[in-house]
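For reference, the structure discussed in these notes is given below.
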């Protein structure tokens, strides 16, 4: 096609590759979500519907980008881990960060009515995103540990804060009451004054949401038959929602679940076998070893 | 608030400031829009509804970010110009590119039914984005000239292509027919065979959409009275749609319009007086001087 | 040639191009030059020999890199301006900054004995360097104005400081004496107490050194004869030193000179005519317009 | 000190930090060393004097920068490894790459006459440099393996090439003779035609130079006495040259040496115990495990 004499301006688009062989974490954050949650009357301190919507948007991202192998969400933020050797968009920084935040946002608006059918969306919400490079497994684990520790700290505070407010304090008074308190103090306050056992609250609130692929059970793979072709289809809304974990209704149901199911032995799991597994949301401890030992392909 | 021992991972988030005193252009592009437009039966070669939706999403961005002073769109892409000395997000590259593409996407999905009420959105669409730095006025003008020249080339080709297809050729045949033809050939083909005078087609298709603020007429500013406060409110959907230019129904209506209205004298326009003007979509020649002379604040 | 299986590590070398169409300034700074100047008994407040050596090293750089069109030095630093559209090393940041600082350093050590024949170099000195991008003429002029203003401020302070010390104060006392004084105070102190008229001190000390190419006189270009081939030879030490300006012996000699020679009319100067001119060191005002008007090719 | 109105230009100096917790390799390369080696009649295919000078310049760098823990050189290039967690210059890219190449260059010129006393330096040579980030131990080892494999390939070629030339072929003929040959062919050519057993050539030529700190012998550390203070003095030329390994005179002397000396047990070596050890140049295999096992602090 004919080129115009203005074409030279393309030379100003400079390359922005991320270093090869490193883990990429893309974190998206809600812009102005304090106001947004007020405008849409989100429940305090946690609104399960809004969190489920975030989880579904995250699933949409992971469903589209196979190299996103893990995601962790809390409140209005979500972090996506791309596998160490991903070649997605030739590791171009802007392309990766913008495509992920755009799809996440799109899914958030698109699926809104699934979880908040009676709350009309008043204006288009948005998120920002950034990519951070981590060189080794250690920093990746510490990154997710950081986010989960943050979830705990924020949620304990918010739970105590809203208990005080719902108990009659103004927000200013509640803030003052909590000033200088540590975790133990807040736990005690909740238990003694409001009869809330913090540890019995839903794991989703205390631990955040982890989105990960469930490795296919060993038994389903018949070594004599050829591997079934992976159908690269666009997941429909129904698909994505159908497999959305709803075990949250009983507090700690997930953790209880975990104890019952036989734990896969890490050593037998082959690299990336999890790649084609079903997407699930779990509310587990991501700080301890168990989570990672069960999913060794995450840190390859 | 207590800090965890994992906090150190924040140090991996490196600064990414864009060079001060330069023009920033953020261009967003639809991802997989060939497929998306098929899935939603967009009309060929141009679907005014889809273009109007793009324009509305662009307006949403400009309504939110006052430092975005100009936007140009065609097909599934849009370019946003930030003023040279913007301090938006301290000129952080990822923050700017991600926030703009996220809001654009969000508005696109949010406003979908305004223009395509009978076409249910089947899955969440997404866009990527990138920021490009231009040092002087010259490159900025050439950038937008490049995009408008591209609009012309693509639209002439597509118009001829779909005329041939609607005239009975297969897509392969149509491609072959057009191989090696220049602009003149295509114009002649359209006129002689399909009685289409290309220059009479809607300016929106031939020139793309320009979103810009309309400077307040001089007469509205009473030098003796205090400046009326600019109400920094969230524009409602109604607002944004209301002022959406619908002059497209008559081909070249916009251009005709331009000739009638008295052209503001560039020299009297004060810096940034356009900043608080109403957002309008126009379909003008952005390559020649007139557009820029009428809006001197764009290149300050 | 055979490739080893380790070759993949090359992929970690990422591109680092500087934005096209912008001015590049490379500034080099002496590392540990306080100690270095003590170790080699540099004279205070200025050592002409050391400054001449810096100038010669700068000339060596400009002699090698034709796209370095201007340099400004003071104390142990030097700034190099590359022309706006230079293609040097494809504008790769590391390649440009490292090559310039390396050649400068090399020339500094190589030519040491020219100016300090009786002061054996005790250990190898070094410099760091950085590249800064400036988008337009304005910032380039302001950059050099900044460095020259800095030269003035530092030199006035140092001149007063060493006058006090040579007059019997300890360095601590001298610092204290000067605390809170402005330019006028320091000028007066120098004049009243030490009979020094600051404005009569050598321009080199007060204004810093400017290295620039002298445009060829118009008369030397015979329009009827072919352009003589530019002999791309390595300048010998003798060449470079020979044309080193030694007009410093009389204060302000350079400025006086400037007034005598007929000023070239900017408009007749053709682009880059200065490129092949002889390198000279001048000690002029780089803040006012005249310097730039006489050398219009610098800001093309 | 008073600030000028030009000070704003400093804002154009943007941060350029390298990712924390990663290995930094700075590689310097001679600029125009083909010509430089001709101009100074370097011996072919290898000039031990020139290589010793390179090694000494590398030692000067490592002597100054304690966080440079390993260097590898061949021909006119040298690679420096900075320890993973170095905080040198806050990991600023330009500062690190420019300071190292400047000091290397300076030392090269400064020490020239030590190794080439009868060859006057004709003009100042220069080097460029770049920094490359490697995330884990694996890439670091592979990087140095890459350079050593390259040394072998180049040296075998050059040895064969110059044997042919010294045997009477023109350089064009020699190039042609070697076209399409593999290692075995070249080895055989050298042996059958020139009676050269390639493996008996000096290890320096075949393997390149490794500069590393010698860990203090265990026996010298008396656990009951306090650690002797590390005297942070500037090494004199004499110091640096004195400990320069001169075992090269007998081919393979170094390797022979290696076999005789008792190999330190990796496990007993404490982190960074090598940091204060004496700088030595060795000509060892850096591809196999032994080199790294003996110096476990390199990859911490």
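Every residue, even glycine, has its Cβ placed from backbone N, Cα and C.
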Of D:56-75, D:76-95, D:96-115, the range TrEMBL labels transmembrane segment:
D:96-115
In TrEMBL, which of the ranges D:248-269, D:270-291 has the region 'Disordered' annotation?
D:248-269
Which of the three DSSP states, helix, strand or coil, fits residue D:33 (GTP binding site)?
helix
Residue list, the transmembrane segment (D:96-115) vs rest of chain: Cβ under 8 Å, 6 or more residues beyond ends.
18, 24, 26, 28, 49-50, 52-54, 56-58, 60-61, 64-65, 68, 78, 80, 82, 88-89, 121, 124-131, 237, 241
Within 10 Å of the Cβ of residue D:33 (GTP binding site), how many other Cβ atoms are there?
19
Out of D:31, D:34, which of the binding-site residues is least crowded by other Cβ atoms within 10 Å?
D:34
For the recorded Mg(2+) 1 site, enumerate neighbouring residues of the same chain (Cβ within 8 Å of the Cβ centroid of D:29, D:30, D:76, site residues themselves excluded), in sequence order.
D:28, D:31, D:33, D:75, D:77, D:127
Secondary structure content of the domain 'tRNAHis guanylyltransferase catalytic' (D:6-135), with strand meaning DSSP E or B:
56 helix, 33 strand, 41 coil
Greatest C-beta neighbour count within 10 angstroms, which of the binding-site residues D:30, D:32:
D:30
Cβ under 8 Å from chain C: which of the binding-site residues D:29, D:31, D:32, D:34, D:75 qualify?
D:31
Round to the nearest Å and give the CA-to-CA distance linking residue D:76 (Mg(2+) 1 binding site) with residue D:33 (GTP binding site).
7
In sequence order, which same-chain residues at least six apart have a C-beta under 8 angstroms from residue D:29 (Mg(2+) 1 binding site)?
D:76, D:77, D:127, D:128, D:129
Restricting to the same chain and to sequence separations of six or more, state which residues have a Cβ under 8 Å from that of residue D:75 (GTP binding site).
D:30, D:33, D:151, D:154
